[in-house]
Amino acid sequence: MSTDTSQVKVKFFTREKDESLHVDDVPMYAPISLKRYGLSEIVNHLLESETPIPFDFLIDGELLRTSLQEYLTKKGLSSETTLTVEYTRAVLPPSFLANFNNDDWVSALDVSDDFRHIYSGSYDGVVRTWNMSGKVEKQYSGHTGAVKAVKYISNTRIVSAGNDRSLRLWKTKNDDGSVSNNTGDENDEENIEDGKTLAILEGHKAPVVSLDVASNSRILSASYDNTVALWSTIYKEMTAIDHLEEIQNPNNKISTAAKKRRKLTLKDGTIRRRAPLSLLESHTGPVEQVIFDHGDNTVGYSVSQDHTIKTWDLVTARCIDTKTTSYPLLSIAQMPTLNLLACGSSVRHITLHDPRVSSSAKITQKQLVGHKNFVVGLDTCSENEYLLCSASHDGTVKVWDVRSTSPMYTITRQDPTVEKGVNDKVFAVKWAKSIGIISGGQDKKIQINKGDNIFKN
């Protein structure tokens, strides 16, 4: 039988809320040679659309990336099968919007809750606040090494961390110039200038490379000293450290390198210092990233070069689950409505894991393949539960629908001076509603890409 004339019975349906996009629930025959574009033509014909709408198609929850014939063959199904095919508005390619020029490599990114500001951390040790015109509104200087993580806390506070082994709480200001908020530290902040350090948080013994902030005033940090630490955004809740006494005590036996670091920070001797609320120890290798559980801020997840994903009870400071993989893990993001943790690895792929599954059961639910180097950053789309973006040392950001194992789109660096494999590594990515996909890296650029319909289901 010729593949040009072979047909299969299909029944189309959609979960789109817009009733005008619904078709009658009636089976019909379609050529098995059709792919997404041909199926989209059929649905648009049924809808009698004046302007064609691009659609994606799913069968049994899996995105169709081949012809119907290839799908039937792969699944071992005959053309006598009736296929129930779901259609949904297609995610359109994200287009290049802007580049903001930074002084050094961009290693960390976050955005304000109102999406009016971008916060960046850089290898020059400076944290910056950017407006959406690409202007630096504020610089926060104090770190003595590269800034590897930055997080927005409130309109008067951010936190950063880096290679100098410390975290810093910074004072910012409201748009109206006021500086008060409900942090519990207001009375002590009156004499501290905007852009200055409120407190230095110490306790890690190696670079601090990841931060996350929860709504209950808690901070998590991940370090290359193999530990995760829990802190508060309210410095009064943490134990004070007498930094100057520690430095000046002649009985302290410290290395020459440590003495040098402490000499560099003597200028910050008047800044309050705080110890962590708890130190979480279980990893046997550098911890690359840590996050709070989206629905329960007493639970955290971390990934490490020791090949493991760990689940933490932050109330008792205990590791309550360990999932062991076959490769170093470098990044993690939660997809809460799907009950999945996405993890980027040193072997170039992204794996999806269900944190509820026992560590003795099958660990990996799905593997996303497409990158050609380390996957060092992940973020999810707040408006579409299936979408994920990833940053890699291969010089790209990829957009994924996790119902498929292949990337939907690839975003490359747009600076013409970038040389592939020389200065194109991407270190950080943030997917922000109303802004787009923000990425930064070795090209010293904060790049913004945005696509129509990219946030819609």
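Yeah, the Cβs are placed from backbone N, Cα and C, and that goes for glycine too.
Per Swiss-Prot, the features are as follows:
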- 8-89: region 'Ubiquitin-like (UBL) domain' (REGION)
- 172-191: region 'Disordered' (REGION)
- 101-140: repeat 'WD 1' (REPEAT)
- 142-180: repeat 'WD 2' (REPEAT)
- 203-241: repeat 'WD 3' (REPEAT)
- 282-322: repeat 'WD 4' (REPEAT)
- 324-363: repeat 'WD 5' (REPEAT)
- 370-410: repeat 'WD 6' (REPEAT)
- 421-457: repeat 'WD 7' (REPEAT)
Check your understanding: Which bits of the chain, at least 6 residues beyond where the repeat 'WD 1' (101-140) starts or stops, bring a Cβ under 8 A of a Cβ in it?
Key -> 146-152, 155, 158, 160, 162, 164, 168, 170, 172, 194-195, 197, 427-430, 432-435, 438-442, 444-446
Review point. Under the DSSP assignment, what numbers of helix, strand and coil residues are found in the repeat 'WD 3' (203-241)?
Key: 3 helix, 19 strand, 17 coil
Exercise for review: Report, as numbers and ranges, every residue of the chain located at least six residues beyond the repeat 'WD 3' (203-241) whose Cβ falls under 8 Å of a Cβ in that stretch; write 'none' if there are none.
Suggested key: 145, 148-154, 157, 159-167, 169, 183-185, 188, 272-281, 283-292, 297, 300, 302, 304, 306, 312, 314, 317
Study note, to complete from the structure: Averaging the pLDDT values of the repeat 'WD 4' (282-322) gives 98
